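Asker: What TrEMBL records for 1-22 is signal peptide. The region 'Disordered' annotation in TrEMBL covers 47-70. What TrEMBL records for 59-70 is compositional bias 'Pro residues'. According to TrEMBL, the domain 'Vitamin K epoxide reductase' annotation covers 76-216. As annotated by TrEMBL, transmembrane segment applies to 126-146, 166-184, 190-212, 224-243.
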Amino acid sequence: MATISATLSISFLPSSIRFAVATTSTSTTSSSSSWRIKRPARFRCCAEPSSPEQENPSTPAPPPVKPPASPSSLWGISTSTWSAGVAGLGFLETAYLSYIKLTGSEAFCPVSGGGCGDVLQSDYSVVFGIPLPLLGLVAYGLVLTLSLQENGKNFLPGIDDLDIRLTLLLISTSMATASSYFLYILNTRFIGTSCSYCLLSAFLSFTLFSIRVKDLGLERVQKFVGLQLSVAIIVALALTNSYSSATTQLNGTDDFVLERYDTEITTESTPFAIALAKHLHSVGAKMYGAFWCSHCNEQKQIFGREATKILDYVECFPNGAGKGKKMAPECAAAGIEGFPTWIINGKVLGGDQELPILAEESGFTVEGTEQS
């Protein structure tokens, strides 16, 4: 029994100690007995699976799997949430403008003086026969859906995360390109006209583009620069082709005609305004405008009743605006693209101007003498 107990205890000792003890026990036992006790084999309480390297050392180890990149964030909020929020605002704005465009209702202009209605009713509010706000509604809706999908909502099952992020980058690129084009049109064809909805939509488009670039990172975005440039060129060419025959005259529905009307000037002219008006008349300065242009009426109010009668004012739509109504030949020959437009000594000034600026551009001093 002692031999058995010693043998069992040896089996639980570390290998180096177990070997020494086992040798001593064997020698002692051999001297007292003619038979030898074999050391029991080492046993384990649980199975330990061998690693692939132990089974086949020549097989190379597989490369470590990189965990998926964590979504980027901005100020502690994920970019997908930012993208969904901005797209939601754009969706609401374009939904309102689509309703205004399709029903022919009057748009609410938050900026005093209006002007946004002129843009919404122009030829530039339609692309290939489709109302521009409706196209914006679809674009913002698609960005909103994909952003929510990226944020964990399973609207479109089976779409890879990288595909969603690349698609959002290309959509935001096209929207930013279109917004840049529309801002150019607004500043060249609608001089002096304010359009708060146009500016808001452009701001949202540029914000979405910045968010998507932040999401992918500049290093990865550089790999898709060629694709982005292709999308931008296609959008710019499509808009140019659509607007090749557009005009700046006021256009509504196919049967809409706006008859000319006169706006009453309620302000009284100051002596300076009367003297400036006489000077502008003497140097051949002309003011080109349209009866429906709110900024043109504001310019007249700045001069006042008496001074306005002295100005050389050219009405570009003397027969009304709308279907079948064309811009006056004098305005078309002068290349007028927005209202009001001043041409003073060969220089073109767009938008309503303050009297001191008109005096400076025409060489008129406070004393009423020309500057040298």
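Every residue, even glycine, has its Cβ placed from backbone N, Cα and C.
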Asker: So, by DSSP, how many helix, strand and coil residues make up the domain 'Vitamin K epoxide reductase' (76-216)?
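Answerer: Within the domain 'Vitamin K epoxide reductase' (76-216) the tally stands at 102 helix, 6 strand, 33 coil.
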Asker: Express the predicted model's confidence over the domain 'Vitamin K epoxide reductase' (76-216) as a mean pLDDT, rounded to an integer.
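Answerer: Here the predicted model's pLDDT, averaged over the domain 'Vitamin K epoxide reductase' (76-216), is 85.
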